[in-house]
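Chemist: What follows is a structure written as structure tokens; I'll ask about it next.
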Amino acid sequence: MKVFSFTVVVVMILSLSAFVLAGDEGDVMKKIVAMEEAVEERACLAEYQKCEGSTVPCCPGLSCSAGRFRKTKLCTK
């Protein structure tokens, strides 16, 4: 969770810097949203990879299925 918080802070600092330096606000906002979504997706995949017997659901767009050795279930596309 600390890595996620640190990553979000870094993304926000970079986003604000890009916003100040850029002339076109529309493009900057699209890039900021894309970066934040990518960070959230990576954090979600890192934290919620195993899904069998867990109360935490898989990330959006993923489903719980048997893993490679079928001992555990993993969130996969």
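Here the Cβ of each residue, glycine as well, is placed from N, Cα and C on the backbone.
According to Swiss-Prot, the record shows the following:
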type	residues	note
DISULFID	CYS44-CYS59	disulfide bond
DISULFID	CYS51-CYS64	disulfide bond
DISULFID	CYS58-CYS75	disulfide bond
SIGNAL	1-22	signal peptide
Chemist: Say we define neighbours as other CB atoms within 10 Å of the CB. Which of the disulfide-bonded residues CYS51, CYS64 has the fewest?
Modeler: CYS64
Chemist: At the level of the C-alpha atoms, what whole-angstrom distance separates CYS51 (disulfide bond) and CYS58 (disulfide bond)?
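Modeler: Here the two Cα atoms lie 7 Å apart.
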Chemist: Tally every other Cβ atom lying within 10 Å of the Cβ atom of CYS75 (disulfide bond).
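Modeler: Result for CYS75 (disulfide bond): 21 other Cβ atoms within 10 Å.
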Chemist: With every protein chain in view, how many other Cβ atoms are within 10 Å of the Cβ of CYS58 (disulfide bond)?
Modeler: 21
Chemist: How big is the gap, in Å, between the Cα of CYS58 (disulfide bond) and that of CYS64 (disulfide bond), rounded to a whole number?
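Modeler: About 7 Å separate the Cα atoms of these two residues.
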Chemist: When DSSP states are folded down to helix, strand and coil, where does CYS64 (disulfide bond) land?
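Modeler: DSSP call for CYS64 (disulfide bond): strand.
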Chemist: Using the alpha carbons only, what distance in Å do you get between CYS59 (disulfide bond) and CYS75 (disulfide bond) once rounded?
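Modeler: On Cα coordinates alone, these residues lie 7 Å apart.
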Chemist: Can you count the other CB atoms that lie within 10 A of the CB of CYS59 (disulfide bond)?
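Modeler: CYS59 (disulfide bond) is surrounded by 20 other Cβ atoms within 10 Å.
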